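Undergrad: In case it's useful when we look at the structure, here is the feature table from TrEMBL:
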type	residues	note
TRANSMEM	A:12-31	transmembrane segment
TRANSMEM	A:60-86	transmembrane segment
DOMAIN	A:61-253	domain 'ABC transmembrane type-1'
TRANSMEM	A:98-124	transmembrane segment
TRANSMEM	A:130-154	transmembrane segment
TRANSMEM	A:174-194	transmembrane segment
TRANSMEM	A:232-253	transmembrane segment
Amino acid sequence: MSRLSWFNTVSLTLGFAFLYIPMVILIVYSFNESKLVTVWAGFSTKWYGELMRNDAFLSAAWVTVKVAVLSSTFATILGTMGAYVLVRGGRFRGRTLFSGMIYAPLVMPEVITGLSLLLLFIGIGIERGVMTIVLAHTTFAMCYVSVVVSSRLVTFDRSLEEAALDLGCSPAEAFRLVTLPIIAPAVISGWLLAFTLSLDDLVIASFTSGPSATTLPIKIFSAVRLGVSPEINALSTIMIGIVTVGVISASLISKQALVRQKRDEQAAARVQ
Amino acid sequence: MRRFFLIAIPYAWLTVLFLVPFAIVFKISLSDYAVSIPPYVPQFDWAEGIMAFIRELDFENFIFLTEDDLYWKAYLSSLKIAVTATFLTLCVGYPIAYGMARAPEEWRPTLMMLVILPFWTSFLIRVYAWMGILSNEGYLNQILLWTGIINEPLTILNTNTAVYIGIVYTYLPFMILPVYSALDRLDGSLIEAAEDLGCSRAQAFWLVTIPLSRPGIIAGCFLVFIPTLGEFVIPSLLGGSGTLMIGKVLWEEFFSNRDWPVASAVAVILLLILVIPIVLFQRNQQKQAEAEQ
Amino acid sequence: MQSSKFAPWDDPDAKPLIRFKNVTKRFGEFTAIDNLTLDIYEREFFALLGPSGCGKTTMMRMLAGFESPTEGVIELAGQDIAPVPPNKRAVNMMFQSYALFPHLSVWDNIAFGLRRDSMPKRDVEDRVEEMLRLVRLEKFAKRKPHQISGGQRQRVALARSLAKAPKLLLLDEPLGALDKKLRQDTQFELMDIQEKTGTTFVIVTHDQEEAMTVASRVAVMDQGQLMQVSTPDRIYETPNSVYVADFIGDVNIIQGRATQDGEETYRIDWAEGQKPLTAKSSNVFSAGQTCHLAIRPEKVAITAERPEDAANAVQGRVHDIAYLGNLSTYHVELSNGTIIKAQTSNTRRISRRTFTWEDTVWLSWTATAGVLLAN
């Protein structure tokens, strides 16, 4: 089917309009002169200026980035280990419990995860702050990383590792020199996923943060509870812009790699 | 030895930061409320031993949940909202997924990216975007008034309708992706075979396409239903005072009333409700994985 | 003194490079290798041949160190190798999938094992160049594995596993992924390289033609046991069982009862109303014992008239003709329904073929043409 029927055209158009119009409106009105967000009063970038002078938002953004970098890095290390255990661990006592603990946080309501972690931190008397948010985010993000990495490991040709051992690598060298470079794309996308999840999280951060640490989503949430504001629109536009650039460039890079690989394979077939 | 550490480190991490916290929630749900910090009286003391714990075990908080109709109404209303919203998401998502699967090959990666892009964008911002659209003086009412369809602005924000719109909007990618991947795998010659054997277009769709995309539909529905049930952000930003959802109740019980034992009991029951769809979902995924092998 | 013929297995003083002593390997309930004893000598090209699941790959993986025997001992040059991990063994393996590292160039793939030995950089370079020359891939050194053809990948895998100059090279279905024409060329190349390097090769294959072509000795395996270990010609000409005869090449099996009829000669009663057959055999059969006469189709002659001097002759009707180009196989149905295959070279054009469907013909063979087997 090379041409779309009118039904499919309509459903795709309406569907993507539904997905994108709210964001487009948000972006357009972030350049609105007026304080009243619903009334257009001419083009202006003043709300971006306001945002840059708002120390509370800036410091929250800094905390958020710090938490996201730390937690996604820890989550990637732990999650990759978890994926390795799931796919290659073989049988060990408590394997079922382990895989349950990897998959459960994916479907757990955030309110429950947040509440339970808060009760833990209070129970063992840790003061809440950046560190507790990092611990909480690492825990739920490592499960996402595990799932991403283990789906790559499942299709990994084991004879590559065996070949490395056969050629004189210790198991650790085989992992470092062969396995890791090959699964690197999955590990990187796991890191990106963990980073975004951490950047995005409101509920768990609200439970586990203390007065000393406020993340951007917490700040945004308390601001938007009071209603729509142009400053938040500007902030949202910046965040949407960053994500868009990231996702599009990532997909372009992977598309280019795919095209190059196809071309190489065709060239190889000709050589034969 | 190396293998031991490899297993032990993530295992220990998850045990301490996932399993133990649940045990604590469960324990506190059986405690009594107290005006103190922490605001509960421990019900379980290792010194007294397990027998004493069982003897004095009281389900007071759970009984309280059944007596105060706020709670069971909240559970029921959460279920109703989650089921309805899941159905609506399916109705919106299926035609989009179908259109994507029928689109020319070279468009598909772009369409995929367009579906995934909102998924990477902040959840909070996507919900927030609707506040400006749905409010009384919002863009939707402005357009409707301008075109003359209505004379009075509609009240949508802070109602359940807004909650439904918010859920459909934010969870749409979760529905589209699994349905699309099921439809994408569907061999086009099956439809042609059905038509060759005398089906009309609509019959072929109903008898072949829908049954073969069922695993994707089921997966998509669970992916929307499960997180929606415990949803907090959407009802608190788009819903009104009349919107009862259990995530919001738990939040308020905890942050506003500071009644930790009741909040914990609410969480335990929410978890019990969720166990059934989660197990069903896992089984569906497993069956699909086996079918693919 | 070096004997003119390479046959260390016939020399009682020769020391084997590899020795399997009563090796058993079980996976749970399943016995993959069943009490197996085998010697493989230095500079041999040894083939493990059998259907999938016969245990040949398990044998190879035990040699490489990826599996360890449940019972028994495997010795390499007189040393028990059980405690040696795969990365410390002087054994290298060429994997069925080639297992080339996709993120490394051809050059780096070949250098991979050498660098693990912390060989000086210059020596690594020299050795890699030497290997590239050996497999004629000098021009492709900079390419990545996905940028070369299947046949070239196979040669990179071979070069990589030979680079460390192992005492023993294991090849797991090395030609399985190549198409037929390329496979035949590569077989000769493999033999050439084996001869040049003097390395002991153990090859696992399910392709009997491949095993017969390349190997100095072939071990036919079935269900974790060795059925016969011998040179290709002996396996073909004098199989020791119906299984081996049937597995290698095409064969007619005629079941009957043996009666001694002179020195090393037996009369075989095999069907009602058919004349008994005569066969010479050094295997001893008691009177009336069930026996199987295995005859290769190319040893059966097909004629229009009854040959005068043939030891065995039967009459039948041409049921089917399989034309293979250089050969034709005639399926001849005897009056009792038995089908016997006879093969002839097509020295003439097909339009001038002597026999066609439904023709009545005579099949004949000598007393030494077949092998008489007990089971």
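Every residue number used here counts from 1 along the chain in the order it is shown.
Glycine is treated like the rest: Cβ placed from N, Cα and C.
Note that TrEMBL annotation is computational and uncurated.
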Undergrad: Under 8 Å for C-beta pairs, could you tell me which stretch among A:12-31, A:60-86, A:174-194, A:232-253 has the largest tally with the transmembrane segment (A:98-124)?
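TA: Maximum Cβ contact count belongs to A:60-86.
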Undergrad: Within this structure, do the transmembrane segment (A:12-31) and the transmembrane segment (A:232-253) have 3 or more Cβ pairs under 8 angstroms, counting pairs 6 or more apart in sequence?
TA: yes
Undergrad: Counting only residues 6 or more past its boundaries, what in the same chain has a CB within less than 8 Å of a CB in the transmembrane segment (A:60-86)?
TA: 98-99, 102, 130, 133-135, 137-138, 141-150, 153, 187, 190-192, 194-195, 197-199, 205, 213-219
Undergrad: How about long-range neighbours of the transmembrane segment (A:12-31): same chain, 6 or more residues beyond its ends, C-beta under 8 Å?
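TA: For the transmembrane segment (A:12-31), the sequence-distant neighbours (Cβ-Cβ under 8 Å, at least 6 residues beyond its ends) are 4, 37-38, 40, 43-45, 47-48, 230, 233-234, 236-237, 240.
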